[in-house]
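Going by Swiss-Prot, these are the annotated features:
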type: REGION; residues: 1-100; note: region 'Mediates interaction with MAD2L2'
type: REGION; residues: 1-244; note: region 'Disordered'
type: COMPBIAS; residues: 10-26; note: compositional bias 'Acidic residues'
type: COMPBIAS; residues: 40-49; note: compositional bias 'Low complexity'
type: MOD_RES; residues: Ser97; note: phosphoserine
type: COMPBIAS; residues: 111-120; note: compositional bias 'Low complexity'
type: MOD_RES; residues: Ser114; note: phosphoserine
type: MOD_RES; residues: Ser157; note: phosphoserine
type: MOD_RES; residues: Ser159; note: phosphoserine
type: MOD_RES; residues: Ser212; note: phosphoserine
type: MOD_RES; residues: Ser218; note: phosphoserine
type: COMPBIAS; residues: 230-244; note: compositional bias 'Low complexity'
type: MOD_RES; residues: Ser241; note: phosphoserine
type: REGION; residues: 260-313; note: region 'Disordered'
type: COMPBIAS; residues: 262-272; note: compositional bias 'Acidic residues'
type: MOD_RES; residues: Ser267; note: phosphoserine
type: REGION; residues: 432-454; note: region 'Disordered'
Amino acid sequence: MSLVAYASSDESEPDEAEPEPEEEEAVAPTSGPALGGLFASLPAPKGPALLPPPPQMLAPAFPPPLLLPPPTGDPRLQPPPPLPFGLGGFPPPPGVSPAEAAGVGEGLGLGLPSPRGPGLNLPPPIGGAGPPLGLPKPKKRKEPVKIAAPELHKGDSDSEEDEPTKKKTILQGSSEGTGLSALLPQPKNLTVKETNRLLLPHAFSRKPSDGSPDTKPSRLASKTKTSSLAPVVGTTTTTPSPSAIKAAAKSAALQVTKQITQEEDDSDEEVAPENFFSLPEKAEPPGVEPYPYPIPTVPEELPPGTEPEPAFQDDAANAPLEFKMAAGSSGAPWMPKPGDDYSYNQFSTYGDANAAGAYYQDYYSGGYYPAQDPALVPPQEIAPDASFIDDEAFKRLQGKRNRGREEINFVEIKGDDQLSGAQQWMTKSLTEEKTMKSFSKKKGEQPTGQQRRKHQITYLIHQAKERELELKNTWSENKLSRRQTQAKYGF
């Protein structure tokens, strides 16, 4: 007998618990078969110790005439005597009757009262602390008893999909659960799901007219969007699965990055590209209009090929060259006459003129203007001026000042004077003994380590040869340097 039998009898099982007392009452009168067959035919005694509970308390549906004594004919049909509870399930000793054994159990106080569990309506025992021989026979069960808690039956729907979520919410969200989660307080920053929020990405819900002019409000809206996206992850009362949480977090992160990149693109389109030094990339000439493409007017004394280039070479280089070569213009004295032959002396006479001489000194004392690229310059259209331009280029090749006056001085340089020690170099290269050191010691050229340690004669000879070669080289180098100083300074 165990205590589990009290918890196993519930209100929902009246049909199983009622017929058991009948069997027990049928067995109870046979507690003393060892006293003889006369006591077996007598009814049950009326004492409080062995009196079973009345049938009105345990089984009111069955009348008492149904309690029949066992047959007395064949002793084999009689059931074995029940073991009293006071002796722990062991048979009484041979000199003790079952009544005395029951009295011993009563004196020890081993009779247990009925447990007061939830949902059990058992009457208290009649005999006080008497032996529980009149109690119903315990029913043995293989499975443990499962008592359903009332908190689990709150939901109205019986669908299988809602059941795991309800169990999770009882353990996590509500304070009625058991375990560590019941001891924890409610979270302070509890987010609530928005009901009217559209579950669309920002790229689809955004209008195409929105964009560059209001970048700051869009950034504020993005912050609110990201805050509103947070409840999707895990704010509802039903906790989703971790895979759904990960998927929602990934989608939210992708939406935020897309929104940030779109805002950056809009801001890049709005703001013009600026230089790091706050300077425009292309230096546009501020006063292009007052400078027409015909080359600006220059003093009339200048020759046609020597006008200074304009300040803005980009515009002037692409423009067609216009030379002031008109016959009636002031540049007429620079025009060559078709019947004259200009020699070098005639060009040198221009340098003697007062106005032209002043021009040359002023022109060449200033900065030098490089000639334009011949690929950009169009071919000359005026044929008789080609020889004049070639002569002018030839005049530039002579010198900057006093053209035609300087004399060419030829300086003779002899190679023998520069290469005074060539003979010594040749003799040195021919007679120098080079040290051909091989890395292999087996060929006999290099001494071995054992020869160096023991100072053998072969190592000493090799060392003398090396020093003799070094001595010869130093002597020849000193002699060469002495010859070079004599050839250079004369002493």
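Heads up, the Cβ atoms here are built off N, Cα and C, so glycines get one too.
A 10 Å cutoff on Cβ-Cβ distances gives Ser241 (phosphoserine) a total of 11 other Cβ atoms nearby, all chains included. In the three-state DSSP classification, Ser241 (phosphoserine) falls within coil. Restricting the average to the region 'Mediates interaction with MAD2L2' (1-100) gives a pLDDT of 53.
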